[in-house]
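Engineer: I am attaching a structure below and will ask some questions about it afterwards.
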Amino acid sequence: MSNETPLMKQYREIKEENRDSILFFRLGDFYEMFFDDAVIASKELGITLTSRNKEKGQNVPLAGIPYHSSASYMAKLVRKGYKVAVCEQVEDPKTAKGIVKREVVKVITPGTVIDTDYLDDKSNNYLLCVYIKGDRAGIAYVDITTGEFKTTELEGDDIISKALNEVHKISPNEIIVEEKSYENYADKFKNYAAISELTMQKVSFVKNSEEILKDYFRVISLDSYGLQGKKEAVAAGAMALEYILELQKCNELPINKISYENSEEHMELNLTTQKNLELIHNQREKSNLGTLLWVLDSCKTSMGTRMLKSYIKNPLLKVEEIEKRQEDIGYFIDEVLIREEIREILKNIYDIERLIGKVIMGTENGRDLIALKKSIRGALEILKILGNRQLFDSDLEKLIEVYNLIEKSINEEPPFSVREGGMIKGGYNSELDDLHDISKSGKNYILDIETREREKTGIKNLKVKYNKVFGYFIEVTRANSALVPEEYIRKQTLTNAERYITPELKDYESKVLNAKEKIEALEYQIFKDISSEIKEENRVFQELAQNLAYLDVVTSLSDVAIKNNYVKPEVFEGFSMEIKGGRHPIVEKLVGPGEFVKNDILLDDDKSIIILTGPNMAGKSTYMKQLALIILMAQIGSYVPAEFAKIGIVDKIFTRVGASDDLVSGQSTFMVEMSEVANIVNNATEKSFVILDEVGRGTSTFDGISIASSITEYIHDKIGSKTVFATHYHELTELEGKLEKAENYRIEVKETENDVVFLREIVKGGADKSYGIEVARLAGLPREILNKSKATLKSLEAKRALIEKKMKGEQLSLFGGVIEAEEIPLEEEKRVLTLEEEKAIEIICDTDLNSLTPLDALVKLSELKKMLK
Ligand code: ADP
Ligand code: MG
């Protein structure tokens, strides 16, 4: 590399230290990328790839982007999972000797983006560190745009799954893992990261983790953060902090405190349940359409939405805490005017959390301070409206102080840039005012020169003009050039005019330009001073942000409760659960007003399991999810879609949704199904609520029925969770007779001659048939197939009854219950089936009509026909 230019040498040395990042190398007004970085950047960003031939014999690929529009390019690369290292010129090129010194000033990863313009304002941008040791896990997560820094610890046999459940609740954008222990759980995490499109990085273990946290927060003990004895949480916290500090290269962060969240204070929702219940994201796409958030979020601020998301994922377990939220929601339900006024004001409140984050990191501009000022005004108005009912305390004095500071110093419409002046109000700083005077009088003086020179020279159309190249100059048309006095210095000749300068003009010009430069520098200085005064009060604002977010959440929940006709549920420490006139919060919105059929439930010490039968499409899944969602809503403190609800606190909700309802099919769905069921029976407690939807469907009918019934039995005998088990196998209704606390319910359908009508009403008793054929008809299967299936079903039922009758000379059913079989007509008894016929019957039996497409059905039918010829 002897031919290497000094610049390329510098580049190579810096790149060497940032090999895993795309290096944005600052050259004047551009960031340049070289070699592979350039190739990647041009591909990912759609920018031109050129090359630089200065390195003799070597063709250096090159791609560049202008400095002023770089942020969006960086954001794009980071979103695609790349790390971006930003290398700046760290000395003034004018004064630099030799090559300008350059340094990487920060490295950006998905979890450490600070440019909030490129983040979703309704979501936190968490970086999460997980540290698993034995059967314990420490989790720490940080949002550096808001300063939130939390930790938690988990413990238990299946610690990896538990950790993943928690990770999914937090929904980070980047995960860091400790490299040595990582191998033990790499598979599951890799899988999860891939599905969730997350970046994962390995970091090394931080030895003196406690010291690191203590040093950063300048405290002598971590006890006040609730971290005493929390080794794994402290370790994860220290790793997260070190990682961020390393990437941010000592830039100041808005992180002021770390806290410990006891995960046992919240309802446990495993990964599958979070997904099945479609709390935040729907299963099909990543949007929140048709989710619980979609129903509940009428927040006016992004701070509110972020808090609501976390509430939804973390339902409470303590009655008092739930009642506190209910009480606040109730207040705003009653006080219509206050609620509406507050919601109106909340609209004008900006993201205080992120504004203060910017102030701390020094990326704020004049507009951010104006947004902060408006938000303070809003907050003060709200406090006034709330009057005696103070939902929270605020340091009014400090708020007013900061408000006044911004009010008297910052222009109402400041420019986007902080380096160009125009931010600071007149009268705030006398030095600045003087400079403005000089600049103004200078300009006026220059304007006066025009009049004076016209008079002096008699050139009527003499003009004083300005351009970037010459600054101020005097322009005289060619026709008049003879009249130009001697002291004019000619600068430029145009076709029709001559341009001149005079010493006097240049004298005032430099005064004006000097003043301009000084104004820009001074304004920047004043602005930064104001910011740092505000920065001093950051805790006041972080607290205010939390309080306003809470206010936004409770007023939003009041609004939703009224609009959707919800009631306040009674929550209590106990087992039973009673809902009257319950509705599914999401489906009721989708089916249209008045269309949704309400249903009740009562589960108590005498009846803890419901076996719910009914044909496909009857509404079984909807009903069960409705129950789970009502419990969840009740425990986040919200009102619920029902006429009456009394709900004993539930510690965990489990859901298992049957194979044919699964989106990802193929592979071993039955295996997935069974491992999920294993997870339920291993972790559910008496206080849990379990919904099992078509469990056992992934395998053949009889296998399925046997497995389903033994699971139900186990839950009944050994666990005692409140459970609803939906199935279209009407055979399972026989469990009612066997299990003391199980009861049959079915979703009513009305059968006309050739039709079924879904009534969607839950009634006591089991369904006596599966209605598969009727539902198939509704789905549009050809009549020919349906008729044939009907005939086959008939003969099949006859055959089964016959076998049962013959077997022991008495009528035995699958579970020992007595079936009242119809008398079988004699000719059918006599008729012996051919082997082919038996085979055909078997095929029909094994066919899952619910997942059969019309095309498959046709194919199958023609197969059957061939067999029976
Ligand atoms: P199943 O699980 O029994 O096959 P689903 O619960 O999937 O049936 O319900 C099928 C459809 O019926 C739902 O998508 C919904 O549109 C409608 N539905 C279900 N329950 C109700 C109800 N109570 N009132 C009105 N429509 C309902
Ligand atoms: Mg279903």
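From the backbone N, Cα and C atoms, a Cβ is placed for every residue, glycine too.
So TrEMBL has the following annotated:
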| type | residues | note |
| --- | --- | --- |
| BINDING | Gly614, Pro615, Asn616, Met617, Ala618, Gly619, Lys620, Ser621 | ATP binding site |
| COILED | 732-762 | coiled coil |
| DOMAIN | 688-704 | domain 'DNA mismatch repair proteins mutS family' |
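Give me the structural setting of these features: burial, nearby parts and distances.
Structural biologist: Reduced to three states, the DSSP call for Lys620 (ATP binding site) is helix. Sequence-distant neighbours of Lys620 (ATP binding site) (same chain, six or more apart, CB under 8 Å from its CB) are Leu612, Thr613, Gly614, Asp693, Ala726, Thr727, His728, Ile747, listed in sequence order.
Note: the domain 'DNA mismatch repair proteins mutS family' (688-704) comprises 4 helix, 5 strand, 8 coil (DSSP; helix = H, G, I, strand = E, B).
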Engineer: Should anything in the same chain at least six residues away from the domain 'DNA mismatch repair proteins mutS family' (688-704) have a Cβ under 8 Å from its Cβ atoms, list it; otherwise answer none.
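Structural biologist: For the domain 'DNA mismatch repair proteins mutS family' (688-704), the list is 577, 620-621, 624-625, 627-628, 631, 650-661, 669-670, 672-674, 677, 680, 711-712, 715, 719, 721-729, 845-846, 848.
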Engineer: Over the coiled coil (732-762), what is the model's average pLDDT?
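Structural biologist: Residues in the coiled coil (732-762) carry a mean pLDDT of 84 in this prediction.
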Engineer: Cβ under 6 Å from an atom of ligand 2: which of these binding-site residues qualify? The list is Gly614, Ala618, Lys620, Ser621.
Structural biologist: Lys620, Ser621
Engineer: Which of the three DSSP-derived classes (helix, strand, coil) applies to Gly614 (ATP binding site)?
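Structural biologist: Once the DSSP labels are grouped into three classes, Gly614 (ATP binding site) ends up as coil.
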Engineer: What is the one among the binding-site residues Met617, Ala618 whose Cβ has the most other Cβ atoms less than or equal to 10 Å away?
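Structural biologist: Per the Cβ count, the most surrounded site is Ala618.
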Engineer: For the recorded ATP site, enumerate neighbouring residues of the same chain (Cβ within 8 Å of the Cβ centroid of Gly614, Pro615, Asn616, Met617, Ala618, Gly619, Lys620, Ser621, site residues themselves excluded), in sequence order.
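Structural biologist: Apart from Gly614, Pro615, Asn616, Met617, Ala618, Gly619, Lys620, Ser621, the close residues are Ala726, His728, Ile747, Phe758.
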Engineer: What is the Cβ neighbour count of Asn616 (ATP binding site) at a 10 Å cut-off, with all protein chains included?
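Structural biologist: A count of 22.
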